[in-house]
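Noted in TrEMBL for the protein shown:
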DISULFID  651-660  disulfide bond
DISULFID  704-713  disulfide bond
DISULFID  734-746  disulfide bond
DISULFID  736-753  disulfide bond
DISULFID  755-764  disulfide bond
DISULFID  804-813  disulfide bond
DISULFID  857-866  disulfide bond
DISULFID  909-918  disulfide bond
DISULFID  921-935  disulfide bond
DISULFID  938-950  disulfide bond
DISULFID  940-957  disulfide bond
DISULFID  972-986  disulfide bond
DOMAIN    1041-1133  domain 'Fibronectin type-III'
DOMAIN    1135-1231  domain 'Fibronectin type-III'
REGION    1223-1259  region 'Disordered'
COMPBIAS  1239-1259  compositional bias 'Polar residues'
């Protein structure tokens, strides 16, 4: 229930988020009509994510619990516990398999190590099957059960049907798998015998002389076939249902390469023929095929179960069965339902959430850092963290612009920015400045979110946010290769006095991190390929750019410096005028007359010119001045020369280019007769991609959206029709009815499809008059029954229902409606009402046989209208499901051969009998158990009974006095005795209430029934050796308790003993006073009442390792008894006293002898001494001795080294530690002196250097 509430609230938030994103994209028009830009995406989805520290996710290494989060502030004061279990619910490893091609082979099947399948490992072997007799392999018997998988690599050498494997038992098929170039066939047996085979068409998939991998997956009644792994959507090649599970026995055998009768021989090669004794998941089949297990973003090791082996196509955490077309209703979880892994943080699913491990206190909190790696540099515009838990107290967002760059702070959030030493909502001075945004004062306790938006003007506007494409610093500021989020503390930690949160609420829970960004393509691509790492922009052909990010011009398009596309201009790269004499050029700004105008001038310099040409003219060259070569059609006039420097011609209004030979964007058909040079494209913006108005320079063809066609993209393509959607012209599919139309094409303007005969409508989806039921065979004639149909009417075009006369029904109006039947009159169809008795019919009273009018009677009802009870039945009733009830006349009291009244049910009675069933006796008689004489006279006592009348069922007379009872009223009741036949009454018992078991006495003598220790006629005296008569005492009086068991002891520690004891074997009283004695002294007293229970007492503040004696005294009001004495000893305690550690000066620099003494052993014997030491280089204590000696010598110590020794004296309860003692070992001559080495030499000198010895061993 708690999870459902969480999911509902997260879905509500998701809807709100979608509204926000749509509004945001409308506010910030990142995609212009000129530059090409990829669409905004959640670039963080399914990217690698890590957390620091590494164990900061709940449920690792073992399962854990946390409190469910809720928006109600009271929720943090209570705890609705939820589990966190990261273990896989199904298997996490691929099952083992049996290799079927390993047994001994006959001489026909040969091994081959040269021709192997493409995924083979080193030293692999394939097996050749020839077209010879008995060329097969027998494999050991394996019982497959109802779930198994077969996988094999095979290479066919000829066409035709061939048997891969047959499993048989007692000469009958268990299963058999055959293949051919056309189909794959699976034969199988169930408990009901051999079934019809499963056939799958595989034409074109099994080719001769080509290695193919085939997998057959069987689970219960589902079989799936895989060819070379999974299909692109993760499904099987084909899935089919078996009639029943496969039936196998322990005596079956396997034959590979032919059927058991020697037919259907396999000719070719096989390799890695494997049998798994369970159904593999689809990903495990890919692992068998490729050798690599497909990796997933979310807990990749968790496998799908055998019943649902396919991964859900859109939700990684779910699995579905093979062959399931509706992935929603048949999904089950691949992960544990209580799993909350880190990968849930960016799985694009608001229904999941990551839960961290529990956080320490605020004083010790270093926070948790989550890092996302985008595997490429993106432009990021906003980030949303959607929390499941309460929000952190502080949040720091950082980024890297490349994998090798340093982390840069990007944004801070805090409850109070003083946490980071910053002011709340500080001013952003520059486009790339950062500040700290203060979190709202009243943040939700759950399901809150933090949004980092670079272009939102609130709370402080960022300089340049309205002019992104002209603000270089801002363009750099949005770039990110990696991001990390450091969360510190919880928002409400400091308010703990007000809210007192439960400590299991101290965690971070994040539903989703959404990072909205796009590939950085410099405005020259509208699509990027994110399937490769790093991503690659698919540069627009007209941009003439190159590079993964379209960040440079093509080699011959450097006539202008590279520029990014923006919302105003595409800034495509321009071609250099190298006249096919060079393969590359570069831009030289000194050669460009208009370096700041992308569409005027040019500075392209050709590189490595061929054919004896040069890149630019010089004064000594013959061709220092070149002809303008202005395009006549594009220039204003032939008489106006080009610019003498640069050669820019004077272009018409709609013409561009150095030689005025290109139309401007949005224009085409450069023509001399056109005053403006080019004519407008007139592209229909509703039909062009991204609303482009540009077209082909020569043909004028606009860039049409899918489904649009025509020069101006103003017509719909074949198979589509025009439709206005939200004021925009769109081309939608014709959607012609596949049954009612002759093809799928329609009139592109009216949308009218071409209909089959007897079909009409724009979509050819309706039948013509008097036709109905459009299906694959067209429409059918209604064929209405003329006698039952209203003249001049037509049938329903969908159902074929004719318009019937009154009380007539049926699709063709050829039968009466329910509640009517056909009249015997001839002529037209006439139907009369049924008029069934509502009490006697088993269906609606208006329903009868439509031919005879016979109503449908209840089981015990008869008559055409069901109004008469059957013989021996009565009381026709609407509430009785059987209609009438059985008269049930008593056969002993009813006159033979008679029937009861069908209305009242009254039976015909014999003499002395009465009642409806004749089952009761007349007054003065009663029913006896004598079968021969059923009604006998009453025999009431003439004084004890009121009269001679008794109960007619059991003969009980009616007694006139409360003191008497019995069937004849002649016996005394309980609490009375001595029946007087003359008076008709008894005397009261008068028993003593405290001494009698109850108030009853002997019915003749009046003697009362006494308790155990009570005597006397009225139970008023205690027996011998008993006293204290009490009503509450079950014994009446009390005696001395007997046989008191001694106490049972348990020693939990060194200062206490826990004692328990049971009551005496013979308590002899209703209350016992217990007295506990230790060493003869009373230490505890308690009273217990019947019924008794075991008693307990813990004796504390005792001395360690000391024996104590105990006994119990149990007493009553009459006396007491004592138990036997038992002795218990406390455990050894923690040592106390003082440890003296000392050593004697030793001249040996390589050994130290340490001695010690303990001044007190009051806590019991020492169980172990532990000697440890540390040095300047060894800061962690090193244990050198554990035992009971009081002296130890440490050898192989280092000379001139300071050792710090300490000793622990230990028992099972703990240890006593000594003060540290320092020992400095004596000095010794240095050792390991390396020889000198020459650093410089000449003919007369040597320069030497040497290093000090590695072990100085002294000063």
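Using the three backbone atoms N, Cα and C, a Cβ is placed for every residue, glycine included.
Those TrEMBL annotations? Automatic predictions, nothing curated.
For the domain 'Fibronectin type-III' (1041-1133), the number of residues in each DSSP class (helix H, G, I; strand E, B; coil) is 0 helix, 48 strand, 45 coil. The shortest Cα-Cα distance between residue 957 (disulfide bond) and any of the disulfide-bonded residues 755, 909, 921, 950 is the one to 950. In terms of Cα distance, the disulfide-bonded residues that sit within 10 Å of residue 764 (disulfide bond) are 736, 753, chosen from 736, 753, 866, 909, 935. In the three-state DSSP reading, residue 660 (disulfide bond) counts as coil.
Only residues 6 or more beyond the boundaries of the compositional bias 'Polar residues' (1239-1259), in the same chain, are considered here, and those with a CB under 8 A from a CB of the stretch are 1149, 1198-1200, 1227-1233. Taking the Cα atom of each, residue 950 (disulfide bond) and residue 972 (disulfide bond) are about 19 angstrom apart. Take the CB of residue 713 (disulfide bond) and look out to 10 A: across all protein chains shown you find 26 other CB atoms. If you measure from the Cα atom of residue 986 (disulfide bond) to that of residue 940 (disulfide bond), you get 17 Å.
Residue 651 (disulfide bond) is 83 Å away from residue 813 (disulfide bond) when you measure Cα to Cα. Cα spacing between residue 938 (disulfide bond) and residue 921 (disulfide bond): 11 Å, rounded to the nearest whole number. Note on proximity: among 651, 660, 746, 866, 918, the disulfide-bonded residues of the record, the Cα nearest residue 713 (disulfide bond) is that of 746. Spatially close to residue 704 (disulfide bond) yet at least six residues away along the chain are 687, 688, 689, 710, 713, judged by Cβ distances under 8 angstroms.
For residue 866 (disulfide bond) paired with residue 918 (disulfide bond), the C-alpha to C-alpha distance reads 29 Å. Across the compositional bias 'Polar residues' (1239-1259), the DSSP tally of helix, strand and coil residues reads 0 helix, 8 strand, 13 coil. Proximity of residue 940 (disulfide bond) to non-local residues of its own chain (separation of 6 or more, Cβ distance below 8 Å) is seen for 947, 948, 949, 950, 957, 958, 968, 969, given in sequence order. Here the candidates are the disulfide-bonded residues 753, 755, 857. The one whose C-alpha lies nearest to that of residue 746 (disulfide bond) is 753. Neighbour density for residue 734 (disulfide bond): within 10 A of its CB lie 24 other CB atoms from the protein chains shown. Neighbour count (other Cβ atoms within 10 Å of the Cβ, all protein chains): 21 for residue 935 (disulfide bond). The two recorded residues residue 736 (disulfide bond) and residue 935 (disulfide bond) have their Cα atoms spaced 89 Å from each other. Comparing residue 909 (disulfide bond) with residue 804 (disulfide bond), their Cα atoms are 58 Å apart once rounded.
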